[in-house]
Every structure is written in C-alpha cells, then in structure tokens.
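Database features (TrEMBL):
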- 378-390: compositional bias 'Basic and acidic residues' (COMPBIAS)
- 434-447: compositional bias 'Acidic residues' (COMPBIAS)
- 457-475: compositional bias 'Basic and acidic residues' (COMPBIAS)
- 500-519: compositional bias 'Low complexity' (COMPBIAS)
- 521-538: compositional bias 'Basic and acidic residues' (COMPBIAS)
- 349-368: region 'Disordered' (REGION)
- 373-395: region 'Disordered' (REGION)
- 421-538: region 'Disordered' (REGION)
- 29-51: transmembrane segment (TRANSMEM)
- 72-91: transmembrane segment (TRANSMEM)
- 129-148: transmembrane segment (TRANSMEM)
- 238-258: transmembrane segment (TRANSMEM)
- 270-289: transmembrane segment (TRANSMEM)
Amino acid sequence: MTVSYTAEVATCRRFGCFWKLLGRWRASIYKLIWADLLVFLIAFYATAFLYRYGLYGKGKRIFEDIVDYCRSYAALIPLSFVLGFYVAIIVERWWNQYITVPWPDPLAVYVSALVRGQDEHGRLMRRTIMRYVCLSLTMVLTMISPGIKRRFPTYDFFITTGLLNHNEALIITKMDEKFPKHSKYWMPLMWASSVMTRARKEGRIWDDFSLKSMIDELNKFRAGCNMLTHYDMISVPLVYTQVVTLAVYAYFVAAIFGNQYIGKMESNIVNFYFPLLSTLEFFFFMGWLKVAETLICPFGDDDDDFELNWVIDRNLQVSYLIVDEMHNDHPTLVRDQYWDEVFPNELPYADESQRQNPPEASTAKLDLSKITSSQLNKRTESDTSERDFTEFDAEDESVKSSELRIKFASLRFNIHRSSSSISMLDNDPSIDQPEAEGEGDEEETFYESDQLLSRGTSKDDFDRLREERERERHARQLQHAAMTFDLLKGELKNLPDSANPSDNELPPENPPNDNIPYPSADHEAQTEKSYMHKMKDQ
C-alpha cells in the first residue's frame, strides 16, 4: 500500500519538514538501492586494489589510460535528460492508473435512489446489481495484479467470498470453455443491466430517464475496468526502458574506472579512501531509475503499490450499505441553528485565535491617489456644471423639455361579448361610438374608450399605464360578475314550479326578506354606467 506521510509535512517551519522523513526505511531510497550501491562500492574498491597491488609497469600505464578515457567521455552520456523524461512519463502513467480504478459508489447511489421497493424482491434486486458490479472489478484485478490473483486463483474462491454463487460460476465456466480467448469480466455487468431492465418493466424504476441514467453510470464503470486492462496490455515502449536502463548502468560502470585515484596531480586524493561524490551521484541517478521501476506497475507487491485487497473489501461493504442499510433512510428534518438568521454572519471557532481575515483581491490595496488627483486637475470649470441625471424631479422647464421620456405601447384586451355580458359603453351617451359594422367594431369601441379616458391628462406615462391596467382589471371583474348573475338567474328559472311559488302563495313561516334585493339587468347596467362616469372623472 502507498506509504502516506502527508500529516508529517502538513506545515513547513524553520528548516523545512522533509528532514524528518529521511530516517524512514519502508518505501525509502535506501531500501531500493542498498544492494546496487553495495555492488558498486565492492566493484570500485576491487578495481582500486587491482591498480595499487596487482598491476606493475606497463599494466599500470594501460589502466591509467583507461581511467583518463572514462573520465573524459562519461560526461557525454545525457543521463539527466533521458532519465528525467522517462521518470516524468512513468509518474504521470502511475497517477492515471490510480484514477482509472472505478469506484461503485456513484452507481450505488443511483440504484438506491431509483430502484424502489421495500419488499424482499426490491432489496434482492439492489443488492444483486451491486454484487455483480463488485464482481466485475475483482475479475479485472485478478488479471492485472499478482496479489489479487493469489487471493482468487479460481472461481471457487469468489464463491467463498460471496461475490459469486454456484450457478453463476457454472455459467462463466461454460462461457470460458466456449470462448477461451477473451476474458469474461464484462458478463456480470451485462447481468446487472438485465436486472435494471427487469426492474423498469416491473415498475420499480419510475421512468425511462432514470433507467438511462443508471445504464450510463454502469457504462462508465465498465469503461474504467476496460481501461485497466489496456494499461496492463500496453506498457511504456520497451526500447525506451532499455535505453534508460543501459544508460544508467553504463554510466556507473564508467564511473568505477573514471573516479579512481591513479597517483597523478589531477587525481583527487579523496577517492583514494572513499568515492564520496560518486556515491551521492549513484544515489540520485540510480534512485531515479528505481522510482521508475517501482511505479511502472502499481498493481504489484511493492511498498508504494496500490492496496487492491482493501479496495475489494471496501467496495462490497460500502455498496451493500448504500443500497440496503441506507435505502430511503435519512435523519429527521429539523431546523438548523441559523434558521431565523437565514445565514450565519460568522461561524464559531474552537480557538478564536485561529480566525483569519478573508482574502482580498490583488488590487484592494493599490494606491490610486496619484491617478485620481491627476484626473481631477484635468477637469475644466464647465465639466463641474454637468447635468446630474440622477435628479428625476427637476423644476426647471428647460430641463423638462429635454427630459427623456419612455413611451409604452398600449396593451389592448380583446373581450368578446356573449349574450350574457353587459356593455360598458353602449349605456354611456357621453362617449361617441362608431357605426356598428360587425363584431370587430364592438371590440374597437372598448379600445377607443380607453384612449378617450387616458387622453388629456398631464400624468406620467407610467401612471397612465398603471391606471389603464387598473381599469381593465375592473372591467374584467364586472364582466365576470355579470356572467355570474346570468348563471344564477338561469338556475332560478330551471327550478320546478313547486320550488318557485308566487308572491301570494309564500308560506307564512318563510316571509320574504325585502332587505335583500334580487339583481336585475337594469340595476347592473346602471351600476356599470356610474362606474364608467367615475373612471372618466379620474
């Protein structure tokens, strides 16, 4: 599993926080390169002893020529460039492989929310869908991870874990016998989609859009599983890996000879005892190569590889928890503590000394005094007498004459008359009416009356528009009242004769109430006529 040290480097103080990490052994550079460093030092000292005690005369001269040659041409190997670019590719690939691992949580939320039913069959559908999803990912991991393959060597171990039952294992086995060339990790996903379709047919999924959302999320999960198999099949090109490996090892083979002390003036006396700088160089370059070797396949058994066994256990447990234990369940809805305030002005801190000021914009503290003062000096006297357009109630007639006025088009309501409606204008002799030529002329009459009522006033256009709309609203109310009266009269006429006795035959125990007059057409017309005169006066 990846070694995490984030908590130890959360805050950097004084000389940094990485020094406390240098003493770690697990997943450290010391653990990776100690064997290679030991071989390098043994080879270096063996060569030194050979030169000092095993060679004489011409042999020493030949050895010194070899040292000069290696010292001169070892620097021509572009090790930093080749190795740095290679490690950058490996680290990017390592992170992409991690984010490609699909998680069943989004699909579990969809299944819990959209597959309804509190009965046993609905619960069985939800749990089966998520079991198939977790089974598919586990089958993919057995193809790419040695650790997972050792945990699930055969389908029997899937059955023991609870990811598979005997009938399903038999189906997959027969499919493997029939089509042995292709992996069958996608079969559980097909079963899951079939269960979703069946739930839609049974009405447990309310609409087709919900079914489509679940199928789309299932396809995203399948795409992640498929991408993991691609990462396993398609590696970094072998030629690049070979070039980097040969470059690193060839460089340090040359360093074994090139950093030897040969007794000349240009030789460094430090190398006579210990190749200090060569050892540090070996740490850096060989450590870089070991990083690439560790991260190129993060599904193995290295210290920094992904903990996939934990992922398998966690996925099944959380999936069942979401679709079964948490299905249609939530805490009681209560008002939060900021209900009356709508939103909190400040949130409390456990330690108020930790409260900090909110972040400011980059130009919040920019000094603008010189800029504003220079602009004020350029303004002339006539500029100060400019008109302030924010003053709406100007008393000067010259200002009023140049005032910007906004005209609104009149909004016309076409009110179709029926036999039960009462005319508002036919009973008003003060309004000239055009000659009747049809139903369209009656509609024009109401429109022209509005124009007459709104003409000749000095009020603002906004006030006139508001009054016109108010008059139209009253006209509609009167029309609705007239239609209601007609309906009441029609209901009274349709009553049987026994229910409509004459005035002489009223029963003595129910005397007529003269204080409640019945509405009549003349009374309604008179009411509308008085209302129109009142509107004209306004």
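For all residues, glycine too, the Cβ spot is worked out from N, Cα and C.
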Within-chain partners of the transmembrane segment (72-91) [C-beta distance under 8 Å, separation at least 6 from its ends]: 236, 240-241, 243-244, 247-248, 250-251, 254-255, 258, 285, 288-289, 291-292, 295-296
DSSP-derived helix, strand and coil totals, residue by residue, for the region 'Disordered' (349-368): 3 helix, 0 strand, 17 coil
Remote residues contacting the transmembrane segment (129-148) - C-beta distance under 8 A, at least 6 residues beyond either end: 101-102, 104, 107-108, 111, 115, 158, 162-164, 183-189, 191-192, 195-196, 218, 221-222, 225, 228-229, 231-232, 299-301, 308-309, 311-312, 315-316, 319-320, 322-323
